[in-house]
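Everything below concerns the one structure shown next.
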Amino acid sequence: MANTVHLSSSSLFIQTRGRKYNSILSFNNLQKRTVLSLSCALTSQGGKDMIPPKGKSNDRNFAFDFKSYMIRKAESVSMALNVSVPPQDPLAIQEAVRYSLLAGGKRVRPLLCIAACELVGGDEATAMSAACAVEMIHTSSLIHDDLPCMDDADLRRGKPTNHKVFGEHMAVLAGDALLALAFEHMTVVSSGLVAPERMIRSVTELAKAIGTKGLVAGQVSDLCSQGLNPYDVGLERLEFIHLHKTAALLEAAAVLGAIIGGGTEEEIQKLRKYGRCIGLLFQVVDDIIDVTESTEELGKTAGKDVMARKLTYPRLIGLERSREVAEKLRREAAEQLLGFDSNKVAPLVALASYIACRHN
């Protein structure tokens, strides 16, 4: 029986390297195996104990099984995503969409959305359409980010990137399709489950998180900073990039869950700050592992940020200080959870620790 969480942060890597899935049928088979691979990875690998940090929001007699929780949520999200993009005409675009959307991954953003919803009194069913919408947008951003005109990446989640399989033209359209589908899915599927005023607020939050006040702003700043002397750019600009390019969508995932779950304004704002902290934490750790892990371990090309002379935390302040920043952000995230029910908040406490300790 699992009393504490022993989760190697590399354990969520789904082994699909070296394979191409050019049909709906073959990718459906992959989808079925992904859940099994995720389960095996989480239950077979050891790692650093991830017990929620002690504090007012934690019961010392309660140990949360994060492995089982993450497996359950990943299974639920993957099944919901599979249903959301059925094979239909035109098959060419559907195959490209499904290839990236159903490629596994850690499902951190939908998990965060569901956990936030459950924390404030909602349930998984109510949060699922928003959780799927966030993952669709995240996948859209990855497809576009990997394009030759952006990061020019060959691998994503251990597989050839979307444009390597389907061509640049189809990859652009797949990303566009997912962006539109996210809002359609969230509003149509949630109809009758979420009060209209809360849905309108949720749509506004999500749109803001991915536009010129969020993800796009971060991407533009990142592109404009490439090749510059990091000391001329500075830490403030680096934080702006990461808060917008990465943290904005994670923050939105938490906020959407809290809004849809019926949270109070105080609860929504606490979870907003939590999401922002773990969002920045996610990117700081991503910067660290880009220079400390191999391509095989990452499931994507290692060292690309260095080769592109991108502005990163290790490049600006070094590895040790970057690790200190990561730990500080983990603590700040945990502080936002004080005052919530200790059992209900356990997934979010464990999630912050998982992000801080991950290797891919």
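In case you wondered, yes, glycine gets a Cβ from its N, Cα and C as well.
Annotated features in Swiss-Prot:
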| type | residues | note |
| --- | --- | --- |
| BINDING | K106, R109, H138, R157 | isopentenyl diphosphate binding site |
| BINDING | D145, D151 | Mg(2+) 1 binding site |
| BINDING | D145, D151 | Mg(2+) 2 binding site |
| BINDING | R156, K245, T246, Q283, K300, K310 | dimethylallyl diphosphate binding site |
| TRANSIT | 1-39 | transit peptide |
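Counted within 10 Å of its Cβ, the other Cβ atoms near R109 (isopentenyl diphosphate binding site) come to 27, all protein chains included.
Secondary structure at R156 (dimethylallyl diphosphate binding site), as computed by DSSP, is strand.
Cβ neighbour count for K106 (isopentenyl diphosphate binding site): 20 (other Cβ atoms within 10 Å of its Cβ, all protein chains included). Note on proximity: among D145, R156, T246, Q283, the binding-site residues of the record, the Cα nearest K106 (isopentenyl diphosphate binding site) is that of R156.
The number of other CB atoms found within 10 A of the CB of H138 (isopentenyl diphosphate binding site), across every protein chain shown, is 24. Annotated pair D145 (Mg(2+) 1 binding site) and R156 (dimethylallyl diphosphate binding site), C-alpha to C-alpha distance, rounded: 10 Å. For R156 (dimethylallyl diphosphate binding site) paired with H138 (isopentenyl diphosphate binding site), the C-alpha to C-alpha distance reads 13 Å. Contacts of Q283 (dimethylallyl diphosphate binding site) defined by a Cβ separation under 8 A and a same-chain sequence distance of 6+ are given as H242, K245, T246, A247, in order along the sequence. When the alpha carbons of D151 (Mg(2+) 1 binding site) and R109 (isopentenyl diphosphate binding site) are compared, the span between them is 22 angstrom. Same-chain neighbours of the isopentenyl diphosphate site beyond K106, R109, H138, R157, judged by a C-beta within 8 angstroms of the site's C-beta center, are, in sequence order, G105, R107, V108, E135, T139, L142. In the shown protein chains, 21 other C-beta atoms lie within 10 A of the C-beta of K310 (dimethylallyl diphosphate binding site).
For R157 (isopentenyl diphosphate binding site), the Cβ neighbour count at a 10 Å cut-off comes to 19, with all displayed protein chains included. With the fewest other C-beta atoms within 10 Å around its C-beta, D145 stands out among the binding-site residues D145, D151.
In the three-state DSSP scheme, K310 (dimethylallyl diphosphate binding site) falls into the coil class. The number of other CB atoms found within 10 A of the CB of R156 (dimethylallyl diphosphate binding site), across every protein chain shown, is 22.
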